[in-house]
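What Swiss-Prot says about this one:
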type: REGION; residues: 1-318; note: region 'Ribokinase'
type: BINDING; residues: ASN195, MET196, SER197, GLU198; note: ATP binding site
type: ACT_SITE; residues: ASP264; note: active site
type: REGION; residues: 344-476; note: region 'Cytidylyltransferase'
Amino acid sequence: MKPVLPDYSKAGVLIVGDVMLDRYWYGPTGRISPEAPVPVVKVEQSEERPGGAANVAMNIASLGGHAHIIGLTGQDEPANVLANKLTSLKVHCDFVALPDYPTITKLRVLSRGQQLIRLDFEDKFENTDAQLILSRMESALPKVRAVILSDYAKGALEHVQQFIQKAKAAGVPVFIDPKGSDFERYRGASLLTPNMSEFEAVVGKVKSEQELVEKGFALIEKFDLGALLVTRSEHGMTLLRRGLEPFHLPTQAKEVYDVTGAGDTVISVLAASVAAGKALDEACALANAAAGVVVGKLGTSTVSTIELAEAVHGSKDTDYGVISEDALIEAVKKAQARGEKVVMTNGCFDILHAGHVSYLNHAAELGDRLIVAVNTDESVKRLKGPGRPVNSTDRRMAVLAGLGAVDWVVPFSEDTPQRLIAAVLPNLLVKGGDYKPEDIAGGKEVIAAGGEVKVLNFEEGCSTTEIIEAIKGGRG
């Protein structure tokens with residue numbers, strides 16, 4: 001059975017660890033330097049992304065979760081860039097700025113998709129006062145349901161045992177992405193997520209599945225761990241828990257471009273899923289699906305709920321369900337090439353009712369494929385006012401995707417879907433209500449491309465607003 005995505009807006013996660021800024025310079029290489037036998041890169045584009053523990057926080061935020069991050073930085077420009085980028089993503093930053101250290105920064109120079117060199121600007125944080133982080137943890141722990149300790153061996157987790165005990169005393173599970181071969185320092189953690197090389201550095205070479213399981217359980221006992229998740233690259237993942245059978249997950253990656261940040265994605269999706277109420281095995285299945293997405297991207301990357309839903313339930317390959325705009329455009333082209341008539345409609349669909357279902361069934365009967373474009377939460381709020389939507393974008397899309405009449409569900413953030421419709425160009429655009437075809441957003445573009453626009457009637461007596469008022473009034 002495929003796992004169901006939880007409501008990540010309920011997931012509060014505290015991240016403590018080594019924060020860093022990843023910088024990228026891109027450009028073509030057309031000649032060799034006369035000064036040394038190295039290529040000359042003409043830098044045409046630059047990019048800055050939060051990395052390390054900060055990338056974990058970004059992953060939590062991209063899922064719609066509430067991320068609170070504690071880390072060590074310098075008092076410098078990269079620290080400001082890092083804080084501004086995270087804050088813009090609604091990550092709560094609680095950095096300890098130390099004057100004698102630089103903020104860890106990694107600069108990568110790339111040309112034609114290939115990394116030519118990486119330059120590191122860093123000094124390991126040493127002999128820091130544990131209380132600087134412990135006091136911040138104490139304030140944050142009552143607001144979260146999971147803690148991630150993200151260790152890149154840069155010094156932020158110098159006092160990691162104290163951090164583990166602080167979280168455990170508060171009754172909050174601790175998930176750790178380990179670094180190095182000294183797992184004694186992680187004693188008592190709820191879950192460790194070593195990759196295969198990190199695992200073998202501690203237990204020795206593993207020659208079989210049985211040996212992996214035996215050595216994994218021995219590790220759990222030795223270091224008093226709650227569970228162990230070994231990420232195994234092309235062999236997927238193996239989850240080991242006390243008193244339970246091993247849980248193996250095959251890899252879901254189709255193409256691997258870059259493994260940078262994949263471990264961050266695994267632990268962030270896993271912890272956020274547990275914080276949102278998922279059992280550990282389901283959370284691991286979701287993390288495995290997310291890893292399959294992120295290794296297909298270049299550089300440190302995040303996974304959105306749309307991409308995660310696609311990976312879990314299918315869209316590009318299975319050709320149905322929640323889908324991204326780019327994937328939808330591709331799917332529509334393929335469908336139209338097969339001679340299928342594609343119908344498209346849009347709306348908020350905040351509380352799905354009988355009128356919506358009747359309308360969508362009617363729309364589906366007019367063609368071979370039905371697309372439903374859904375206003376995002378911010379778009380609904382602008383259109384409907386405070387208190388709306390009642391249901392989040394992900395929930396509304398999940399319900400629509402479950403209807404037999406609907407083939408694809410795609411979000412849009414603007415007030416109208418005109419841009420999206422112009423990009424998709426369905427054969428038939430339909431809209432419910434009292435409209436003139438020429439006044440429907442996207443209608444002119446569809447007609448200009450040879451398509452049609454049609455207005456359908458809504459079922460009388462069905463209204464989301466009336467349902468909300470009835471609930472407020474206590475009527476059934």
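Keep in mind that glycine also has a Cβ here, set from the backbone N, Cα and C atoms.
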- request: Using the residue listed as 'active site' as the reference point, find which of the binding-site residues ASN195, MET196, SER197 has the shortest Cα-to-Cα distance to it.
  value: ASN195
Integer average pLDDT (0 to 100) for the region 'Cytidylyltransferase' (344-476): 84
Query: Around the ATP site recorded as ASN195, MET196, SER197, GLU198, what other same-chain residues have a C-beta within 8 angstroms of the site's C-beta center?
result: PRO194, PHE199, GLU200, ALA201, VAL230, THR231, ARG232
Field: Least surrounded among the recorded positions, given as GLU198, ASP264, when other CB atoms within 10 Å are counted
entry: GLU198
- request: Let me know how many other Cβ atoms fall within 10 Å of the Cβ of MET196 (ATP binding site).
  value: 15
Message: Please give me the CB contact count at 10 A for SER197 (ATP binding site), counting all chains in the structure.
response: 8
Query: Taking the Cβ of ASN195 (ATP binding site) as centre, how many other Cβ atoms lie within 10 Å?
result: 20
Message: Based on DSSP, tally up the residues of the region 'Cytidylyltransferase' (344-476) by helix, strand and coil.
response: 54 helix, 26 strand, 53 coil
